[in-house]
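Copied over from TrEMBL, here are the features:
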type	residues	note
TRANSMEM	B:12-36	transmembrane segment
TRANSMEM	B:61-82	transmembrane segment
TRANSMEM	B:89-106	transmembrane segment
TRANSMEM	B:112-132	transmembrane segment
TRANSMEM	B:144-164	transmembrane segment
TRANSMEM	B:205-224	transmembrane segment
TRANSMEM	B:245-267	transmembrane segment
TRANSMEM	B:279-296	transmembrane segment
TRANSMEM	B:303-320	transmembrane segment
TRANSMEM	B:332-352	transmembrane segment
Amino acid sequence: MSETQNETSGANAARYALELQGISKSFGLVRANRDINLKIETGTIHGIIGENGAGKSTLMNILFGMHRADSGKMFVDGQKTKIRTSADAIAHGIGMVHQHFMLVNRFSVLENVMLGSEGGSLLKQGKQATIARLQELGETYGMVVDPHALISDLNVGMRQRVEILKALKGGARILILDEPTGVLTPQETEQLFEILRVLRADGVTVLLITHKLAEIMEITDNVSIMRAGKMVGHRATADTSPQELAELMVGRKVLLNVDKDAPQTNDVLLDVQGLGAMSSRGHRILDDVSFHVKGGEILGIAGVSGNGQTPLMEILTGMRIPDRGHVEILGETISHDAPKTPKQLREIGVGHIPEDRHVHGLVLDFEAQENMILGYHDGALSGDGRLMDRAGIRTHCETQMEKYDVRPRDPLLPAANFSGGNQQKIVIAREMYSHPKVLIVGQPTRGVDVGAIEFIHKQLIALRDAGCAIVVVSVELDEVMGLSDRIMVMNDGKNIGIVDADKTDTNMLGLMMAGIEQEAVA
Amino acid sequence: MNVTPPLPKWADLVLLPLINLFAAFFVCGLIVLAIGENPFTALNVMIKGAFFYPESLGYTLYYTTNFIFTGLAVATAFHALMFNIGGEGQAYLGGLGAAVVALLFGPNLPMLIVLPLCILSSAAFGALWALIPGYLQAKRGSHIVITTIMFNFLASSLMVWLLAGPLMQQGQQSPQTVLFAESAQLPQMREVLGYFGFELANSPWNLSFFIALIALVVFYILIWKTRLGYEIRAVGKNQEAARYAGINVAKIIIIAMAISGAFAGLMATNEVLGVHNRVILNFTAGYGFTGIAVALMGRNHPIGIFLASLLFGALYQGGAELDFEFTSITREMVVLIQGMIILFSGALAYMFNPSLARLIARISAPKETTDG
């Protein structure tokens, strides 16, 4: 090993748990990472922040051996290291908790943690060893989990804990967390941070990838900022501000808070009474939900995802039939006996920006211009002849792309080839074009970069000020609080309460999201 | 998890299929070599046999006609993400559709009325035979692959019963209908071109070739120019987004299957109206299944389907010649070549994709490394 010894990076090698020098990675003509230099001090929490598509995930995948860098060097604990597979990474003490959990839902905690290191063809011995190790880890880090519980019975926070335990059990001393808080309540996030602090105290190095500025400020020691595949800055967290970080991420000044006037409301355009729905397996997923929205106001719906927001949106847009209750929307009734199709609702002026643009909002293989008329392809947008007016569709798309600043401005490019923010802009441009009177919005800025978030929020506020009744469902609490005039909190398919946005705070909403009813103020 | 760079469009559409084709022929060449014949001589015989003997081009185009119809059938359904394996049965029923009209009206009505009716009827029967599995898929969730395969068997049994029973020509032993009246016989290309002064050798090439060309154009307009085509593609590419867009997914699946069946049914215009002038047992002879390979190779696009049909037509005809010329090579060699082509351009279609993409990326990659 004399060769690797010669290649260690200077005298203060042990100071850095991880060091990258000149890492570059291209996919064809796309250069996802360019000449990345990064030093991560041992025993610190280091944040990596950047917009979507900035190259964070690529960099982490290189660290974890899922991609191989085209050039550059990597040092783990001062030793020059080549990581070719994730097994290599684990062997070097690097563990990763993915954004989407890699757990087998029908397996127990124990079975999941053992996965990949069963230890021989008979499970018994490995099981006992794993249980002992889990207990030890649980005591050290305050992460107690019942090893025999089924993953499917655990809540999201606990599942994430299992993921962390899985990484630590493999001997990880460097833990990479990819957008870990996206699915957590504020309280769960706080618990996660508590665990991370304990890990840090024990000398574990944590790499936290996120796009949430507040979290960076709260938990990290140092932060590195990426933009367009490059590292654009390293800061000690204590010496920086959210404003500076946002500017570094986007490359220009950005407005972090939503800027809006008091609402000018008029008639009730959407009135929901006692709405209920069952899942296909017979679970009640929406339970006696009532609320109303007036023209000119935004009702935000807060809640951990999977607490009834999706079926509610589906009913309001004609994609699901309720089993109880009814909706009065722009003079029409939706109920079990009088269902409406998405087409009928669109025709009376209900716009729908779906929660998941990849599943519902876009046909990814379609050209941008074909997506720009999706749902409106029967109407005047596609021309008035028997055949579709491709030239007209294209002109329309070009105009909309200009107006909503979709980049690149190429109507013929398949939707899949746009970045998340630009895909969302296509959906928003389409749904705004028809001047909806009621707009149902799900996760307006999921996977969208900071610059585009500001733009999308402005568009929604402008539509509100034009008299549209808007319902916004979002798992980003900051977003719900910033955009909404009133906030409804959902838990387990029920309406826990509706509060005025300026008379509440994260703590109160967090408790409501956990199902604890608060005294409603509106 | 290795992400390959995207292939430029021209390479994806032209270069990759050619490489796949070359690979298929290369493997076949090795096999011919192993048999003890010279692969280049064999290739030469095949090409001559398919295109250069007096009657060979006519035969090639006659086969091509069948493949265009069945290829279009598979492609139409596939745009709605329906895998229609039932082209064989739908074409068979198309033959029945043509026969019903030809036998009923042929003796009494002029050609200008009977022939169009026969053509429409063959399309309608094919459409109906595909519509039922389409309905079962859309409304009942019965998998289209299973139902269309079963409908092939149903079609086969039904036709055996009809051809050996109610429709059987009296006074002979073959399971076939009587010869159609002349008003229900599609003119031969030799006659038509002869009228304009072109001399053609004898071949089964008939006017249905033009119907096939028209079908290609109709298919193109339908899929890429109409709202129905837009909805079919939307359903095929993302059923959930189609539902979100207010498209009646079940209706579109049924319609797409019906159109698919209509194209398959039209194959009868070639075999029944143009060649045999009667319905004979098993006239579909596997063309319906080969249509899957044609659509696959033609990337569900009319130009691709035409070229793939021509290739398979040439293989059928040239392969027959191969059998004729070499004692050691039998007609099964054609099946082998077909199999190789399907293997390389269907199942392994993207085998060369990563290396080709890397090669192209390396050649065209920007050299600068120090900007910004």
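Placement of Cβ uses the backbone N, Cα and C atoms for every residue, glycine included.
Curation does not apply to TrEMBL; its annotations are automatic.
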Counting only residues 6 or more past its boundaries, what in the same chain has a CB within less than 8 Å of a CB in the transmembrane segment (B:303-320)? 17, 21, 45-51, 56, 59-68, 71-72, 75, 216, 219, 290, 293-295, 297, 331, 333-334, 337-338, 341
Is the number of Cβ-Cβ pairs under 8 Å between the transmembrane segment (B:89-106) and the transmembrane segment (B:245-267) three or more, considering only pairs separated by 6 or more positions? yes
Taking the transmembrane segment (B:245-267) as reference, the highest number of CB pairs under 8 angstroms among B:12-36, B:61-82, B:144-164, B:279-296, B:332-352 goes to B:61-82
Interface present between the transmembrane segment (B:144-164) and the transmembrane segment (B:12-36) (three or more C-beta pairs under 8 A): no
